[in-house]
Amino acid sequence: MNMLVDGEWRTDAYDSTNEEGEFDRSESSFRDWLDGSVAAAGEAPNSSEFEPESGRYHLYICRACPWAHRAAMTRQLRGLEDDISISLVQPERYDEGWEFSEEHPDPFHDYEYLREVYTDADPDYTGRVTVPVLWDKQEETIVNNESSEIMRMLDTAFDGNEFSLYPEDLRGEIDEIVDAIYDPINNGVYRAGFAGTQDAYEDAVDDLFDALDHWEEVLADQRYLAGDGERLTLADVAMFATLVRFDHVYHTHFKCNRRAIHEYPNLWGYTKDLYQTPGIEETVNMDHITRHYYVSHGDLNPTRIVAVGPDIDFTEPHSRDELPGGPPAALTE
Ligand SMILES: N[C@@H](CCC(=O)N[C@@H](CS)C(=O)NCC(=O)O)C(=O)O
């Protein structure tokens with residue numbers, strides 16, 4: 001796989017599976033926090049030189065990427081479109097890594113590749129070149145490239161509109177759910193898709209569907225994941241990013257095909273409910289999602305043919321409004 005090593009681009013630098021054939025996701029590298037943002041339940045606000053000034057920060061994302069999607073959804077739901085600018089990279093990723101294009105240019109530097117943004121921040125950078133990236137236009141550096149942190153800091157550092165996706169009374173539970181769904185679900189689909197052995201694949205698929213069965217039950221009588229299920233939170237943002245991609249890419253391309261999400265009554269209703277929450281639909285680009293996965297992973301899909309199905313409709317009625325709670329008033333008024 002490709003990455004930067006001491007600031008030089010290498011296409012053979014790391015193997016994404018370990019000796020047991022299990023997919024190994026490496027850690028994100030830029031881990032600064034915006035001033036005043038909160039990292040986890042019970043923690044005091046961070047103090048840093050990165051002041052949360054409107055217009056100072058930019059998100060580089062790919063619409064295909066579920067991790068970048070968490071950051072884009074948080075920005076959109078919290079009404080931060082005027083505070084934080086956003087731009088896309090091309091959905092297809094080849095040997096040169098994430099690329100800008102005429103359609104999706106780098107708004108600040110006119111760079112060809114996202115890796116140039118990384119070497120701008122650190123000329124000797126060693127690591128993967130991933131999205132999302134939270135870029136500081138003033139200091140011309142990367143603040144953070146870890147989505148679980150970016151979503152928390154966008155929610156807690158900026159005022160935005162009048163609700164929080166990470167409310168103080170639910171933070172502990174949100175942290176637990178975000179952690180609990182990471183390994184079997186969010187990263188679980190990748191563990192299945194990139195497994196190098198039958199055992200590693202089957203372990204990942206077992207974990208994934210056990211976890212989906214569990215949340216299917218939880219969602220039978222609550223609208224959202226955290227607390228009493230009445231409030232939309234970052235736990236839902238994290239879950240939705242995987243569920244919305246599931247039937248189009250993970251089911252077929254990553255062989256997560258024991259069941260599709262639209263075959264689970266509650267998970268499917270929940271996915272449609274979130275999709276129809278004001279602000280979310282515009283963050284979903286199924287064309288970019290399918291093109292990215294089917295085209296970029298030549299080892300999994302050598303013909304790079306993009307699967308056309310399934311025929312499902314995220315805008316059809318979901319009936320979840322019979323459950324207590326609902327989208328924050330700030331989004332529906
Ligand atoms: N832990 C990171 C993971 C980000 C990540 O792996 N993004 C993928 C796209 S879905 C990427 O940019 N991959 C490029 C690579 O691994 O070289 C996060 O949550 O932000």
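Cβ from N, Cα, C; glycine included.
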Which range of 1-26, 27-52 is region 'Disordered', per TrEMBL: 1-26
Nearest of the recorded positions (Cys65, Tyr190, Tyr250, Tyr293) to Val129 (glutathione binding site), judged by Cα-Cα distance: Cys65
Sparsest Cβ surroundings (other CB atoms within 10 Å) among the recorded positions Trp98, Tyr190, Tyr250, Tyr293: Tyr190
For the domain 'GST C-terminal' (167-296), mean pLDDT (0 to 100): 98
Contact set, same chain, for the region 'Disordered' (1-26): CB under 8 Å, 6 or more residues outside the stretch: 95-97, 115, 118-119, 122-129, 187, 190-191, 193-197, 199-200, 203-204
